[in-house]
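J.: Before I ask anything, let me first share the structure, which is written out below as structure tokens.
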Amino acid sequence: MCSRKCFRMPTLIICGVVLTIVLVCITGITLTNSINISNIVKLREKVASDSAAANGGHQAAQTRAALVEQQYSTLQTHHLSKSDLNYISAATHPKNLQRLLAAQPTAPQPTQQPNKIVIEIGLRGSSVGHTDDNLNVMPLPHMLQAAQALIEEGNVDSISLPAAAALKATTTTTRATTTTTTTTTTTAAPPISIADHNPAVIEFDRREHVKQTSKTTPLLLIGGIGFVIVLVAITGVTLINNINLSNIIRLNEKVASDSVSANDNQIKELNYVNNHPKNLQQSPQQSQQLNDTLNAESGEARSLEQIRQEMSSLHSDVNVAEPKLSAVISQSHAPKAQTLDEAPALPFGFVSHTNGSASASASNLIDYSKRAQIVKMMEHAWHNYKLYAWGKNELRPLSQRPHSGSIFGSYDLGATIVDGLDTLYIMGLEKEYKEGRDWIERKFSLDNISAELSVFETNIRFVGGMLTLYAFTGDPLYKEKAQHIADKLLPAFQTPTGIPYALVNTKTGVAKNYGWASGGSSILSEFGTLHLEFAYLSDITGNPLYRERVQTIRQVLKEMEKPKGLYPNFLNPKTGKWGQLHMSLGALGDSYYEYLLKAWLQSGQTDEEAREMYDEAMLAIIDKMVRTSPNGLTYVSDLKFDRLEHKMDHLACFSGGLFALGAATRQSEHTDKYMEVGKGITNTCHESYIRAPTQLGPEAFRFSDAAEARALRSQEKYYILRPETFESYFVLWRLTHDQKYRDWGWDAVQALEKYCRTPHGYCGLRNVYQQDPQKDDVQQSFFLAETLKYLYLLFSDDSVLPLDEWVFNTEAHPLPIKGANIYYRQAPAAQPASNVS
């Protein structure tokens, strides 16, 4: 009775497992192709593992089936079906004992052998007394012969044939008196007839039909399941092909869209060139020459010397005279400042407000082809950041994932977005700018960030970036975000001296200094680089608190005694005493001196205290730290305990522009010296670039008898996309219009493209002195904020962010000059002070 179930269940289980595995495989492949193709390998490994486990279970089922078949092998040899057998593991079956005693009441009972099989043949299909004439029964002799053979083999202890009433008259009259020995005794058994042992009338023909059907059914079932599997597989493959085809179509549409966009931008650029006020007076020959320059990329490549000759020809044709330094940056012709309600937003791609003075000095032409290349670099860096690290702080181009080891950690602060957004605005990349603004509006907040952030870095990148965007657009979103960030930094100012700590937890307000910083000291370049942002924030919000905080810092520094007129890099915020006597215009000191000059410029040249402190500090540095190498290279050395190290940081290369800007903004007995030192330092930094095979400068370089302007230690040979040298190129180009600064900048652009560009962004180099340097796999946020911005401005017209209307913070975020720029957007009335102290 169990033949069909017993045979079908293992087959159904196995087929079900196989079908499940196939469906999981097809589903997994379909999902991974539609989501991310990079996960296919991992998913296949998982599927392979599942398949192996399933195969193992299949083998175990087969083993169990083999053991069962082996137990029935003896019975099958003698033509007894499994459906006719019901065995138990004891030799004392009640029915066997009962019938044996009834047949042989006086015979001694033989000892049953343990673990032998007792077989009972069950008869089914009809009730007692069945009289069907067509009944086909198995001949009794055959049945008895099979039973006797089983007993002789020793595996069966006894066979029970139950007694029954007579079947038919014809059968009764032919009953035989056949006897058989069912045990090992010599006592003869009573006669047994077929009617006695077939009360249910076995229908053996029907049994054979059932057997054939039970064999055919699994084959049909397996065939049906196989057909379903093939159908599902075909459906899955078709779905995968459709998804891939859809992705290919979308990719082609994107490529076509980008191509159209690029053509549109080129057309807009060309129209802008032809309609620029300074080009309206050009002769047809000059216009054709300029168009040839714009179309250079689509034609054959030109050498650098050819480009230089073309630019020189353009300059000579318009008879450009080098402007006087005192006329470049002047407040005397500044327009009247307007309130924020009167000032419109600056147009994309042409951030300027040109007055008479600026128009007279902005006499050079834009180098459109080179500037267009800088825009392409910005697009490449931004789009890959958006693709692989959107909302995170920085990108790892080689790994194609976010950089979690940045100074802002793994928190989703969007440092690259905030830092690079004003560069997008200046370059006219409106679509990308709107993407960034939308992210800031929806996602940016420090409320739930429990992290120790650098007060300095957060200020120059986040507060500075937001303030610039507010000045550009007048969008109150940026002012609110800038104030939100500054308020999170204010707890760091709660010290006995008012000198802020370096780190602050923006959620708890707990602040501290770096453990390595000279006995828990604060760092000069960090607490001294807050003035521009906090002073401007007070003016646009009407809250004087921010200006008061930075003014306290300045008063502390002004009143302190300075060793030989120099500022050490470390100051204890609790005691108000200097730490280690280490002075530097590079790391740990640099931007403090920058903000002294620029605070004076930002105030409309009314903050005389800042200018005086700048002049005093610069003169002391020139006297004690600026030196000239035997081959005539000017450099500014670090000074430790009155001993010059004859080492200059790449960070100090900004000082070339700083000295030159100081010379250009005030005529005095120090003007010429400032300009001489500024040009000399810029030239030395350029030498550090061209003396490296990569044409990019190291992190620090030394001066000795063995080498000049070269890094000598392995930890000084890296380049991390720093902007300081290009900043000096830009400032000196604006002040002198000397073509060499543009040439040097273009050489650097080519080096960046050759060595730092990757298919997914830009990386720094681990050793600039190797022919094939290893990349560091980090695209710094300041590469977009500073490096590309200064290079773009280097090849732009002077009327784009003129230096008499804008001052750049140390992260290259331009802030408007008070009284000289209509975009200063000063608050019309004072607001209540913040309750954050």
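In case you wondered, yes, glycine gets a Cβ from its N, Cα and C as well.
In TrEMBL, annotation is done automatically, which means it is predicted and not curated.
Quick paste of what TrEMBL says about this protein:
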type     : residues      : note
TRANSMEM : 12-31         : transmembrane segment
TRANSMEM : 219-240       : transmembrane segment
REGION   : 276-302       : region 'Disordered'
ACT_SITE : GLU457        : active site, proton donor
ACT_SITE : ASP590        : active site
DISULFID : CYS653-CYS685 : disulfide bond
ACT_SITE : GLU699        : active site, proton donor
ACT_SITE : GLU724        : active site
BINDING  : THR810        : Ca(2+) binding site
J.: Want to know which recorded positions, from CYS653, CYS685, GLU699, are within 10 Å of GLU724 (active site) at Cα; which are they?
T.: CYS653, CYS685
J.: What is the separation, in Å, between the Cα atoms of THR810 (Ca(2+) binding site) and CYS685 (disulfide bond)?
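T.: Pair distance, Cα basis, whole Å: 18 Å.
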J.: Of CYS653, CYS685, which of the disulfide-bonded residues has the most Cβ neighbours inside 10 Å?
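T.: It comes out as CYS653.
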J.: Between the active-site residues GLU457, ASP590, GLU699, whose Cβ has more other Cβ atoms within 10 Å than any of the rest?
T.: ASP590
J.: Restricting to the recorded positions ASP590, CYS653, CYS685, GLU699, which ones have a CA within 10 Å of the CA of GLU457 (active site, proton donor)?
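T.: Close recorded positions: none.
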J.: Work out how many Å separate CYS685 (disulfide bond) and ASP590 (active site) at their Cα atoms, rounded off.
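T.: Between the alpha carbons of CYS685 (disulfide bond) and ASP590 (active site) there are 15 Å.
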J.: Could you tally the C-beta atoms, other than its own, that fall within 10 angstroms of the C-beta of GLU724 (active site)?
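T.: Excluding its own Cβ, GLU724 (active site) sees 24 Cβ atoms within 10 Å.
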